[in-house]
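These notes concern the structure reproduced below.
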Amino acid sequence: MSEKNSFNPEGFSYYDCNRIFPYCHNGKCKNFSKLMYLIIKERIYNGHSIIIDHLNQNKNEINHQNEHGWTALMIASVTSSYWCTIDTVKLLLENGADPNIPNYKGETALGLVVGSLTRINCLEINQRTNFLKTAQLLIEYGANVNFQNDFGDSILNHSGGFILNSSLQYNNFDIIKILLDNNTNPNISNNKGNTLLHNICIYNQSCDDIIKLLLNYNVDLNSINLKRKTVLMYLCKFYNKTNNVNSIKLLLKNGANPNIQNTKGNTAMMYLFNKFYHEYGDNKYNIIKLLLQYGANPNIKNNSGISVLLRASTIQNGWERKNIIKFLLKHGADPNITNNQGLTFLMLLVKNPQNHMTKEFLNFVLKYVDPNIKCNKGKNILHYIPSESIDSPDILKRLLEFTTNPNARDYKGRTPLMLACKKFTSTNDIVKINLLVEYSVISLTDNNGKKALDYAMNNTSNIRLFMVSILLEKGDTFDVNIKNDPLSKCLNFVKQSSIAKQKYDIMLSKINIEANKFILRPSSIRTKILTVNWYIEHHNFEKLALCDYSQLMEYLGATDIDDLKLRIMENINYMD
């Protein structure tokens, strides 16, 4: 027998319980009863009457199970559209076939029929109709519509939602409605805690119509699975699906709670930020509006201390990030909420050099946020200004103008200027250093007694000399021991030279003072010349008559009084 025909009963000309026979379109095994063999050959032999005769004589075969646990009823139910007939299904039920016996995979005849409808795209209209009639017949004869297999999956959701996916795709709610009309519990959960509604929202592109249907059958919109995830969370997680916005609105209007938290503390709104579907930014924005409109609390934190505002700060798309943050702030999000590290959303924005932030956006944010909040390490937002960011000089300037404290100290006593001198490496950072120096107290020291200048000295980048120069020009002083570092040696030499020059200048000034004191003493020749000249110019002959000219005439070499006057005038012309 070829592989192509291995599931075709036509190739099996005689019965043997040890032979392998097909029992459905993709299954085959041994240990068939003669009744099972006759069922798969019914349409070939036109053998319904043969089955009746055999069953009358062999009723003990009615619930016999083959090697895979399938009964004659299971085989007849799933092949009633192509190998046997629905009349045979009814015949078996009338003769005591048990519709609730499970096969070795934990599936009953009804579950197998419903599962066959997942291949609805492969079926013709009459085949689909036949399966629906078979399902209804099994229910009429006591099939348990709430039966759960070994994985806890019920008839409706045991295929992990694929049943519903196919049914919805082909606009066929008939089997779902049949089950619900016959008291199927829509809130039964499987071993993972997922209900029918969970599976719908996980596996389907469109959920609106099935949600509307289930709302008529007391479905629990807030049912949680073992991870405490709700249906609303899954819809938000897969918000990129085309109709999820409408489905979310439908759930919220009918009482879905947006503030339930899963085992990690995440709410439905937080799931909007788990994946970055940039092309669906409008969907995300509209869903956030809906959730807030129906009472979502934007300030709930998950187990990691993250709120939706903190999550929004990680959105990569700048336009989307800005608009969502603005919307959240306008609608009650706490601007100063912090994560477990004490970081605010503004700190997270500023510290990432990839985030482009305009002055307009920062001015808007500063209406709400306190920039002087410190994280768990004692840092304020200025400590997080990054290196090499295009926007950071403008952002830094605006923050400094907004009275953000430039002298705030972290847990190691370091100021923003100290950290900047330590970590900045780009020539673009020199502008930021200048700004921080302008607003900061540069003489502050950390817990180890280090100043910003010390941090600049230990910076090994190309801008070290610029930073050191800026600090020295601002008035800082270099006070370290000579090291092997050439710059340290140079600065120390400059410092020692500066000290020597200061001492030299002091010495010269003292020499000048003492020299003037000596030159201008009353008994000096210089003083006497100036005194006599002053008397002559002012015609004070009385004082002049009292002067002793002998020493002066001898010093100047004058022969008489008139000659003395001439020599005095000549000497005065050369005095400074």
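Heads up, the Cβ atoms here are built off N, Cα and C, so glycines get one too.
These features come from Swiss-Prot:
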REPEAT    68-101  repeat 'ANK 1'
REPEAT    118-147  repeat 'ANK 2'
REPEAT    159-188  repeat 'ANK 3'
REPEAT    192-223  repeat 'ANK 4'
REPEAT    227-260  repeat 'ANK 5'
REPEAT    264-300  repeat 'ANK 6'
REPEAT    304-337  repeat 'ANK 7'
REPEAT    341-373  repeat 'ANK 8'
REPEAT    377-408  repeat 'ANK 9'
REPEAT    412-446  repeat 'ANK 10'
REPEAT    448-480  repeat 'ANK 11'
For the repeat 'ANK 9' (377-408), mean pLDDT (0 to 100): 88
Same-chain residue ranges lying at least 6 outside the repeat 'ANK 8' (341-373) that approach it to Cβ under 8 Å: 305, 309-310, 312-314, 316, 318, 321-322, 325-326, 329, 335, 380-381, 384-392, 394-395, 398-399, 402, 404-405, 408
Contact set, same chain, for the repeat 'ANK 9' (377-408): CB under 8 Å, 6 or more residues outside the stretch: 341-342, 344, 346-347, 350-353, 355-359, 362-363, 366, 371, 414-417, 419-420, 423-426, 428-429, 431-432, 435-436, 439-441, 444
Secondary structure content, the repeat 'ANK 6' (264-300) (per DSSP, counts of residues): 21 helix, 0 strand, 16 coil
